[in-house]
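Below is one structure, written out as structure tokens; the observations come after it.
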Amino acid sequence: MAVCSSSTCCDGNFDEKEKNVSTTSFLESCIPLPLPQETLDDIVPKGKDFAVLHGAGMRHKAKYDPDTLYFAPFLLLPSAFPRREFDRVVKLQPLINVLMHKIAHDHEFLKSALEKTIQVDDFTARLWDIYTKVREEGVTQWISLGMFRCDYFYSVTSQVAQQVEVNTVAASFAGLATRITILHRYVIGELRKPELLHHLPENDALAGLCGAMISAWEVYSSPKAVILFVVEDVTYNICDQRFHEYEIRRQRPDILVIRRNLTQISEQGRLTADKKLFIDGDEIAVVYFRAGYEPGQYHSEAEWDARLTIERSCAIKSPSIHYHLAGTKKVQQEIARPGVLKRFLTESEAEQVGQLFTGLYTLDRSAEGDKAVQMAMENPDHFVLKPQREGGGNNIYGSEIKEVLERLKDSQEREAYILMDRIRPPVQQNYLIRPHLPVTLAEVVSELGIFGAVLGSGKDIQFTNYSGHMLRTKLSSVNEALLHVHFYPTSTGWYKNCDLEVMAG
């Protein structure tokens, strides 16, 4: 790994000689593996108990029971991630918040970026219709709350963290991430390695995001108004969501949180003449979407009407419809074009943010799009094919890319997708702990998520900050880090100092 030799390195200015140094594709654990069996027999039950008793839990998707909670799959030990790159993306998060805020408020840019996508992607088109209606009617609430999560892989090839995507809607796991951080501190202590604890960074993701919602509630300025969580019909990731409610109550005992799905909002919600939103008699100050990001959550026109009602209201939304659109894959591909970032940022800022991007390519029906199609079909293992969807499990990899593009290459439907270079993260070993399954020492890869919050209008930003982090880990043999008990364990980042060489495996 390249050595971080000066403070400018962590500002994103990398010496080309450093970037060309060969690196390993394997990260060694800070605790020698495998652990002795007697150690595993002792520490694994302790870890499971700690997870359950500290709320690191989920409901089982295949065996759903509202009265039963399983511990969320986790890795026994913290995962490694280079400290230099962690520090760099943390430092850049407030700037990325500003970037997404400015994109969301640039109507001409959104229109230009999405004009072809909305012709072929029905879901994005429905979101765009709501956005257009609200603009034509006149925006009631100009202030929006953005609670984003930027996801990164550390790239073996470039030796820097590269951005996978920016999530602008339902950016989840801040609650579980803080629980797993505490769990890993406990495990390291039980393994009698207290000297390693300083490598684990503090993680205030839950407090940070809940504090942002409280700030938005205060801006709304109605003491009896409540915060609305828009949730799924059935919530499996219940602990993560509930911890947000409990943290709001801890910080501000006078603020009430209510939970409703889109169907319930369509039945119970109403707007007053001055566009205040009421649900069952409660005035809504802030709306936090934990659902509404994928088509299956809109069962009928009633759910779409509920979304439009919320957008028409003077409640502060997280996200507002324009933030939601700013997070689409197509917009992220468009801002990676040369020079586009300078529309929103200074030259220096654009250079720093631009260094986070990997290759992103349009699949529009043009010479440029044809070239990208051909490139992907010739080397499908080098790319990821992405539709305009959130929530995991939607991307296309390997030989399936060739099959899909063979079918769509002469169709306008290909414009519903973008193409991204596949980022190759380093592999490391860790123990995978799952309910009712044997403990497995597996080869895994990790994706870093950085939370950020921004509050403001098109004319003014009241605050932008880094709010916390998470590290999600999947088996190295699995393409998607699916939100599923067997494929998506959460782990705390074990941030190695950037002056430590990683051992070759």
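Here the Cβ of each residue, glycine as well, is placed from N, Cα and C on the backbone.
Per TrEMBL, substrate binding site is recorded for R149, Q241, R472.
Its own atom aside, the Cβ of P387 (ATP binding site) has 18 Cβ atoms within 10 angstroms in the protein chains shown. According to TrEMBL, the feature ATP binding site maps to E165, K329, 386-395, Y397, 420-423, E447, K474, E480.
TrEMBL lists E165, N167, E390 with the feature Mg(2+) binding site. Cβ neighbour count for E165 (ATP binding site): 17 (other Cβ atoms within 10 Å of its Cβ, all protein chains included).
Annotated domain 'Glutathione synthase substrate-binding' per TrEMBL: 225-326, in sequence order. Counting residues per DSSP class in helix, strand and coil order gives 42 helix, 26 strand, 34 coil for the domain 'Glutathione synthase substrate-binding' (225-326).
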Rounded to the nearest Å, what's the C-alpha distance separating E390 (ATP binding site) and N167 (Mg(2+) binding site)? Just drop the number here, would you?
8
Between R472 (substrate binding site) and G393 (ATP binding site), what C-alpha distance do you get in Å?
15
Extent of the substrate binding site in Å [max Cα distance among R149, Q241, R472]:
17
Tell me, which binding-site residues from R149, P387, Y397, R422, K474 are within 10 Å of N167 (Mg(2+) binding site) if we use the C-alpha atoms?
R149
Taking 8 Å from the centroid of the Cβ atoms of E165, N167, E390 as the cut-off, which other residues in that chain fall inside it around the Mg(2+) site?
R149, D151, V166, T168, V169, A171, G327
